[in-house]
């Protein structure tokens, strides 16, 4: 919570006799007021750096290679040096800004040096070197912005290499998996886990696309991401891994509803035994952990990872059934355990599943105006009933009762 909000509420508590003046002071001391004036100087330094780089870029072709190298080195060392000094002796926020500009200058220098000497790249090695630099700066400064920058450079570099060179850069993949994985485990923050989960999927997507693997390998990677929540300790913010894995598996399931009915899609799907082995091993491990940790109700999540494309007929309908199993399982479990978040997830998933089913079944048979009218009424009715049920549940919980 913000300092001003805490201060406002705490004053009310003092007047109402809930806390004493000493407790009021102790509470406020835990939420120091942040001085945002440094943002002006930070943005000023950032714009000065960008202005310098823009000026150099506009006159770049008129300079000799020797002068270009001197400019790159002086700019990079200058930003690093000024940033380190300000960071250590004056303001961490402003210093971190200059360090960010220094890291960006380093990356720009790699690219410009390659252009100067006509170096032909066939992989994303430049991004790998750049990533090593930003991780080194993060280790020294421990600034969150550097970790975000590391996630961004590694992920963008992998995507760039995948689309430009049709290549999955092993160095970037290992740096993300091991390097950023270590920092994610060490710092144990929800937002870091979220970044790691999203980046993990994007890395997996590039690997699948560039290695000519079938799309269903994404389910194995997402199940692996989901299983990480069963490996680490309960104190670790694992919900981000689960949410991302389930949300993406649900999204792929929706896509499958519309694509698995196409003959040309089914012809391109060739089963790989290695995929089945990986899925069985990871799925078995998740089932074992759920049972031994008394979390059997969460086994409904695995419905999203069932490889229905292996079945002979009615693949689209079976995918819809799996979406409904997940949705209803989340709803029922949420009501049983009094988990409002699970109820909300189940409600949204159920409504989306119903919308997908309606599109799938009625699009070709109804007049389009009638199609949208009936669909809107159906969703409105379902949404009203589910919301009414949710509010009744919340009121019962506030009274200490159980529906």
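Including glycine, each Cβ sits where the backbone N, Cα and C put it.
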Scan 94-113, 214-233 against TrEMBL and say which stretch is down as transmembrane segment. 94-113
Segment proximity, the transmembrane segment (192-209) to the transmembrane segment (244-263), 3 or more C-beta pairs under 8 Å: yes
Per the definition of 3+ C-beta pairs under 8 A with sequence separation of 6 or more, do the transmembrane segment (94-113) and the transmembrane segment (144-162) touch? yes
Averaged over the domain 'DUF2157' (12-145), what pLDDT does the prediction give? 77
Interface present between the transmembrane segment (119-139) and the transmembrane segment (168-185) (three or more C-beta pairs under 8 A): yes
